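Structure first, then comments.
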Amino acid sequence: MVTTHNLGFPRIGAKRELKFGLERYWKGESSRDELKALGAELRRRHWHDQRDLDLAPIGDFAFYDQVLDMSFTLGNLPKRVQDFHGDALDNAFRVARGRSAQSAEAHAACCGGVAAGEMTKWFDTNYHYIVPEFHADTNFSLDPSRLLQQLAEANAQGVNAKPVILGPVTYLWLGKAKDDSDRLALLPKLLPVYGALLDTLTAQGVEWVQIDEPILVTELDAEWRQAFRTAYAALETRRINLLLATYFGQLQDNLTLAASLPVDGLHIDAINARDEVDALVRELPPERVLSIGAINGRNIWKTDLNATLDWLEPLAKQLGDRLWLAPSCSLLHVPVDLANEAKLDAEIRSWLAFALQKLDELKVLATALNEGRDTVADALAANAAAIESRRRSPRVNNPAVKAAIARIDARLGNRASPYAQRASKQSARLNLPAFPTTTIGSFPQTAEIRQARSRFKAGTLDEAGYRTAMQAEIERSVREQESLELDVLVHGEAERNDMVEYFGEQLDGYAFSQFGWVQSYGSRCVKPPILFGDISRPKAMTVEWITYAQSLTNKPMKGMLTGPVTILNWSFVRDDQPRSVSCYQLALAIRDEVLDLEQAGVRVIQIDEAALREGLPLRRAQWSEYLKWAVESFRITANGVQDDTQIHTHMCYSEFNDIIASIADMDADVITIETSRSDMELLDAFDDFKYPNEIGPGVYDIHSPNIPTQDHIVGLMRKAAERIPAERLWVNPDCGLKTRQWGEVIPALTNMVAAAKTLRNQVR
């Protein structure tokens, strides 16, 4: 019999209940007990949703981040919070979000100032984790209370629970040594704590533990490979079954290593690594379980169940009870329930599967394998009809778009002149001071903005009323920026619910869910648009708002666009053509918008590529192909403008050392980047590579409520000036200010502008 299980379930709730609960707590509008009760209710509901599985995950739920939770389980708290002895949940929030010494937040609880932990992308997804911090003298100690509480809840509910933990080697790999010590030197101290955790779970009657080691799909040197052998030899003696889980890619040169580790089962992502399954069947010892991730855990298209069964049936005969079925990875990366999407186009809806529907697909596959296809004939027939409907739909294929793609040539992506000539013309046109100040684009999305948007979508506010409300918010943003004496202004993006969804709503080839939310980090959720067909732009998308904002000021107003690579990487993308083709389609559509903005007199246009690095394949050998079409797409978008139009781009959570040449090849006049959480470490890339254009290193962390001091910003910019000539430096936050409050934004920007003025005086 085939065993079904799940690697993880979305934690936010079908209607973002966790997000709203967290924000109420952080604002002091609810108690800690109420927040914990909400978490317990969500877990109860989610285990009920997974009741048909043979094994359901526990430990996948986290109030903020599962990697942060693992740090607390292992007793690895950053030194700056080790002296706080309050509730563990509040301590976790301190690490994740930071606390300013003057924090107005309830529950800041006399903490004094605490810097937020560094946050970065979870592999090549749009989820973010809090980076574990290590020092040479780091010690570990077990705190299993979180897992044991969830296990007790699951047992009381009758759940056949499978705890999910992050493996020791991946945990070290994901972290950062704050003193430049060797992370792997900590492995001997870490392994006994893992062993004690497994012993604790064994004592509670747990039979299987899922231990996630996704770095096995990356390129590992000999030292890291040996760490796997060392770690699992040490854990082999525990009297508990270990399912080693890999996902997000192929094992490739790590396949033999993974198959040889002394564990009881191995999970493989068969969406990305189907070609490796036969080799694993040959190499795995005959008693070992092979878990096949046959359902795509990262995208929302229905699985072709009949084709999947054609592939699985011979494996089931060969493996028998050793065959397990699961999604390819945790379902954290997809929305919860398609059944809530009453407003979604019926035809497109028939092509989709969210988390609950993916579990239904899993059940159909397992039933067909265990009892025969006849027992699920109706479900298989309905699935086949949906697959064929999508394949044949004229809404998916647009001949005019395909013809435009065929006409793309290299000249389309070239500026008329090199940067040095452009910079001279832009300087004359813009007349900016040294260390010019700007923001990344968005300002706080206030309750009034959200209410107006909600009323407009509900039909209780007409278009004229909505436009008036948004213009009032834009004017407020402009006046605040003028008062702060910023140099290049933005309109604040009041009219935008999301930097990707806003554009997708206005492009043909996109569809939109109502409740298709996924977690990005903490309480931050995004609702990726659904790229289902060929992309085109029917009309201008931003010109009206930007030209209105420019009419309110004599200072330069940035046109704000999201770039094609980021729109692609932050969408649920069609899987019936190469991603590069979809990206080129987006590039042509956004290029039309760039040219319309320039025609309307906009002098500075920012094309955000926040997710450029996120799309990199996990293996470097595949980077060049991705970077080629990603950079080409940006250049197609940006490079049709005149020399005196200044093109900006923004990237966040990115490390640049290994792709700096490609970033330079994008040829943006100004790039703004996230650097504050890493204390300008990201600028190390510029020690050896002389970046030719202008750059704005982010000088304060917008993800934290902390208010940066003027001296702190000056210090960061001095570090930046050691690597980048002062005349090519900008001063800006590290990301948009949408999620902050005006009461935080104004003092932070006041200090930022004051710092820029100090710097100008120092370089005179």
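Cβ atoms are placed via backbone N, Cα and C, with glycine included.
What Swiss-Prot says about this one:
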BINDING   Arg16, Glu17, Leu18, Lys19, Lys121, Arg524, Cys525, Trp570, Glu614  5-methyltetrahydropteroyltri-L-glutamate binding site
BINDING   Ile440, Gly441, Ser442, Glu493, Asp608  L-methionine binding site
BINDING   Ile440, Gly441, Ser442, Glu493, Asp608  L-homocysteine binding site
BINDING   His650, Cys652, Glu674, Cys735  Zn(2+) binding site
ACT_SITE  His703  active site, proton donor
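Rounded to a whole number, the C-alpha distance linking Leu18 (5-methyltetrahydropteroyltri-L-glutamate binding site) with Ile440 (L-methionine binding site) is 28 angstrom.
Nearest to Cys525 (5-methyltetrahydropteroyltri-L-glutamate binding site) in space, judged by Cα atoms and limited to the recorded positions Ile440, Glu493, His703, is His703. Residues Arg16, Glu17, Leu18, Lys19, Lys121, Arg524, Cys525, Trp570, Glu614 are listed as the 5-methyltetrahydropteroyltri-L-glutamate binders, and the farthest two of them sit 27 Å apart at their Cα atoms. For His650 (Zn(2+) binding site), the Cβ neighbour count at a 10 Å cut-off comes to 29, with all displayed protein chains included. Ranking the binding-site residues Glu493, Glu614, His650, Glu674 by Cα distance from the residue listed as 'active site, proton donor' puts Glu674 first. The most densely surrounded of the recorded positions Lys121, His703 is His703 (count of other Cβ atoms within 10 A of its Cβ). His650 (Zn(2+) binding site) has its Cα within 10 Å of the Cα of these binding-site residues: Ile440, Asp608, taken from Arg16, Ile440, Glu493, Asp608. Cα separation, Cys652 (Zn(2+) binding site) to Glu493 (L-methionine binding site), rounded: 18 Å. The Cα atom of Glu493 (L-methionine binding site) lies nearest to that of Glu674, taking the binding-site residues Arg16, Lys121, Glu614, Glu674 as the candidates. When the binding-site residues Ile440, Gly441, Ser442, Asp608, Cys735 are ranked by how far their Cα is from the Cα of Lys121 (5-methyltetrahydropteroyltri-L-glutamate binding site), Cys735 comes first. Note: the L-homocysteine site is recorded as Ile440, Gly441, Ser442, Glu493, Asp608; in the same chain, Thr439, Val490, Met499, Met560, Gln606, His650, Gly736, Lys738 also have Cβ atoms within 8 Å of that site's Cβ centroid. A distance of 14 Å separates the Cα atom of Gly441 (L-methionine binding site) from that of Glu674 (Zn(2+) binding site). Closest in space to Arg16 (5-methyltetrahydropteroyltri-L-glutamate binding site), of the binding-site residues given as Ile440, Glu674, Cys735, is Cys735, taking the CA atom of each residue.
All chains included, 27 other C-beta atoms sit within 10 angstroms of the C-beta of Cys735 (Zn(2+) binding site). Considering only the binding-site residues Ile440, Ser442, Asp608, Glu614, the residue whose Cα is spatially closest to the Cα of Cys735 (Zn(2+) binding site) is Ile440. For the binding-site residues listed here (Glu493, Asp608, Glu614), the lowest count of other CB atoms within 10 A around the CB belongs to Glu614. Other Cβ atoms within 10 Å of the Cβ of Ser442 (L-methionine binding site) number 22 in total over all chains. Its Cβ placed at the centre, Cys525 (5-methyltetrahydropteroyltri-L-glutamate binding site) has 20 other Cβ atoms within 10 Å.
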